[in-house]
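A.B. asks: Here's the feature list from TrEMBL:
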- 81-116: domain 'EF-hand' (DOMAIN)
- 1-21: region 'Disordered' (REGION)
- 398-439: repeat 'WD' (REPEAT)
- 484-525: repeat 'WD' (REPEAT)
- 535-562: repeat 'WD' (REPEAT)
- 619-659: repeat 'WD' (REPEAT)
Amino acid sequence: MSCQNSAPELNMGPKPGPGIPEKIAGLNADKDCGTGLLENHLEVNDFLKIQRAFESLESRKTNCMSREEFMQKMTEIVGWGTQEEYGELFDKVDVDQDGFINWDKLTSFILLSLYEKDEREKATVVPQWKDLEFLEGKHKDTIQKVIFLKSSSRYITISKEGLLGIWGENLKLQETLPITSDATKLKHLWVTSLVSLENANKIAVTFTSKEICFYDLLSEEFPCQYKLQGLKGTPICMDYWYNPLDANESILSLGDTAGKVRAIVFTAALISLFEKPVSTWEDEEATMTINWEELLSGCHRCCHVLEHKLHHGDWVRQVNYNASLDAIISSTTNNTNTVVLAWREKSKKHLKMTSFNIAQGIHAFDYHSRLNLIATAGINNKVCLWNPYVVSKPVGVLWGHSASVIAVQFFAERKQLFSFSMDKILRLWDIHHQLSIQRIACSFPRSQDFTCLFHFDETHGQLFIAFNNQLALLAMKSETSKRVKSHAKPVTCVLYNSLLKQIISSDMGSTVSFWMIDTGQKIKQFTGCHGNAEISTMALDANETRLLTGSTDGTVKIWDFNGYCHHTLNVGQDGAVDISQILILKKTILVTGWDRAITVFRPQKFNQFFIQSEEWKGGIQHYDDILCVAFLPPQTLATGSYDGEIILWHNSTENAHHVLHPCYQRLLKRKSDMEPQKLYSAEQRGSTYPVADQAPLAARTSETDTEGNNAVVRLCFLEARKNIAATGGANLVSCGGSGYVRFWNTLKKQLLAEFLAHSGVGSITMSIDKLNRYLTTGDLDGCLKIWNIEEYCFESNKKKITQTPTLIRSFQPHEDQITSLEMCERDAHLLIISASTDCSICVTGIHGAPVWILGQAKHWHLENCFSVLERDVNLIESESPEESMKVNALYSKEESCLESTEHSLLNTQEKDDSTNIFRPSEDINLGIKYKERNIHKKKARKLYYDEIIQKTASTFRSLSIRALTELPEVNKPAFLLDPEKYFKKEPEEHLRIPELPLLSETLKAVFHEKNLFPKEILDQKRKPKQLCQETTCEVKIKRSKKQL
């Protein structure tokens, strides 16, 4: 089993008043109930009201509020929410416990809460991956390192034999260069590591010749500028860091086979890494050779060395300098001093060491600065999370790998973690919940001896995994689709695990996903369970610890919840077969599908991985393909087929004893009363008939049903109705073709009731809760209906019941065919889980609950969401009895009209089809959309769905509508009886016009144009006048001088 493709609102109306806002109760699929906190449901208008409450109208300065004042004002101003809720909000904002808060503190808290919420949502997003792609390279030996050059947007790979590969951003190999050394021949030379010195435009390569070479990336000839020799041990790992604020400051750290960890601290990296001697100044292209002893003695003033020997001779597998800790982290495979943190002192030239002791050692580690966590890849199959300041024990342990973990790397943006194990299994972990949310099985060549390299380029969303000399790429898909999808492909089956409180779903892409029902979060996912074949059905064992998946490839696989396949059951002996249902009993596993026989497996004989099926003792009794099966303790087994037959079997003897069919029910009593022990022949098709072992199968014929109008898609026994069959009640429910649901009594072999659940949509599916109170049906158009069957068909009737049970709810959560339904109980609330070919899985309740979609960006919280909905249920139940009776009567009348019309059409069609004897099996197709019947369905829906069902769920559903009472006679007002008294015109002499005050009395200041126009305009106008006056004065002066 592999895991590849993974696994987050209505317009808010007016608020109903104090208390919980209406918007919480009306959440839709994309709306997140979250934790039900008050601050999660405040809108922009609410914040504006709160801001105005904090601001004083006179000074417009922000004021502070005490707890009591805040609680009282907010309930009055905002208009909804209780004082207790605003008190809790005040306590969260008042972190300093001053007893007062202001607008700045409140907004800071809200912004921080939103930021944390976004971070949590990012952490729960499971990336979608493209297919694994092998890149064509020229490496002949093990690939040692993969790096990305930001300056040139190119990738560089280097292999053990010294071949350097340069790849373009499109991951096409552009050039290969051999890395050679003068001191050693190539056949004796191994490259051990490679790092990029981004700030200096160089790369550093380490060799088994105990030397480090620095190459210039800016030159086309790729020359070696520096060669550091004389190392005491062979360097096998390196890391490079530079200060983004001061690129001259950088650190090159390395670990060797002698257990030493060294760090070269550069102080002028942009100018020169090492000081060049005077003799090399003229020849700039010459390689400068530096001896390690020179660095230790301090001959090079632009760098100095830090080192420690705490690993005591063990090979240092990885080394890394982290600026946030200001420490050098290194690791070995020894269980003593496994991880060492060398902290730089204030002088920056001395180290202080702390270490972690990890059992059996580790292969690799990674550090997340924002989470302040070190993740270690344990040889003991565990991934441990450590606080760098707590060395006694890890803060978290991630379980799931079944082999030694060889690589770990953080997905920093989403706060997730990758881990890769020796069995070539890649896992993605949610750090917050410490759960594996994705499992990917890498299809590398089978080899016991291999060297693996792991590198994740988070910027480009590309994961590189090198297996010896092969380089594979796993690229993330871009998330462009805005439509909420639970699976990448149509969903085929859904189950509920009550033990783990999880939803299990499968799709056509052979993917199985696991979801938390309380929040809707995906916790893990398996892909490629049956290769590329579709998973058609699933089942859980009695203990709910094993998962069985049936596929179109003709196999059933038994899995544990860690993704390990224990057995493969071979159902299709002669090839692929479409498996429709798996039934797990105490001693047998029964598998049905598009075949006329029941396939049986006996778990007590599961001593091998591949299990072959055994013979069903009852043989083949169906004339058409078996689609479903159900079991009723202690020994009753029922199978339904495409032609509408339901055969009852004795599970212990595996023999059939009766056949049920909706067309034979009327003649059953007449035939059985006359000849109760007779075995009916093919001509006597007017009743149910027992099937004896002596009756030859070829002697029987059946009516043709090429369109599957009577096909039995689902069978459910009503186990909660104890001994109801003996008193004449129904204990078996079937559904399928033509949208009918039928209730049967298996003891008296009688069809008690049938009603049209969905008209004009073809085949339907169904599910019933464990207490047998509610029936849920879904059709090909994505419509869902919930019926109350608690008191339906409890007694035997002479005539078949055609009246429908009480319809509680009808809605359309999906856009396409509903393929699977499941009902479960969680926290005393009954939930309905529906899967569809529109790639979504919906979760909702019985009475008007919101519809949540698995995979939506925002998660929900069932407990808080249902506490809000209980108020609405109480309001519905408080309706007046008269109103509810009127609605039910109107609905029943119109529903019966629809039934009679559909009945007549169906009977006519059956009469026409009864003359046909030929039945082509290749025409079978239950997935037909029946588009030509949608017009009739839409008309029917308009009659009762819009006018009746929606009426009980409207905004004013709690109001009682009664006939209007007659108003008493209204007396005319006095001004109409005596208008002259009220509208009499007074003489003009009594009119006094008030005198207006003088302007001098009301004028507060003398008018001036400066008060009317801006200063700039007045200055602009004044300057030309002034210039004109000056010019005129000058002319006058000149004239006067001339006259003199």
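Any Cβ shown, glycine's included, is placed from N, Cα and C.
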A.B. asks: Do any residues of this chain, six or more beyond the ends of the repeat 'WD' (398-439), have a C-beta under 8 angstroms from a C-beta of it, and if so which?
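C.D. replies: Distant contacts of the repeat 'WD' (398-439): 1-3, 6-7, 119-120, 122-127, 363-368, 370-371, 373, 375-385, 452-456, 458, 463, 465, 467, 474, 521-526, 562-564.
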A.B. asks: Using a Cβ cut-off under 8 Å, which residues of the same chain at least 6 positions beyond either end of the repeat 'WD' (484-525) come close to it?
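C.D. replies: Residues 1, 3-8, 29-30, 124, 126, 128, 430, 433, 435-439, 531-540, 543-545, 547, 549, 551, 559, 561, 563, 816, 819-822, 824, 826, 831, 833-841, 843, 852-857, 859-863.
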A.B. asks: Which value does the mean pLDDT take for the repeat 'WD' (535-562) in this predicted structure?
C.D. replies: 94
A.B. asks: Mind checking how the repeat 'WD' (535-562) divides into helix, strand and coil residues in DSSP?
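C.D. replies: Counts, helix then strand then coil: 0 helix, 16 strand, 12 coil.
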A.B. asks: By DSSP, what is the split of the repeat 'WD' (619-659) into helix, strand and coil residues?
C.D. replies: 0 helix, 23 strand, 18 coil
A.B. asks: Could you give me the DSSP helix, strand and coil counts for the domain 'EF-hand' (81-116)?
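C.D. replies: Tallying H, G and I as helix, E and B as strand, the rest coil: 25 helix, 2 strand, 9 coil.
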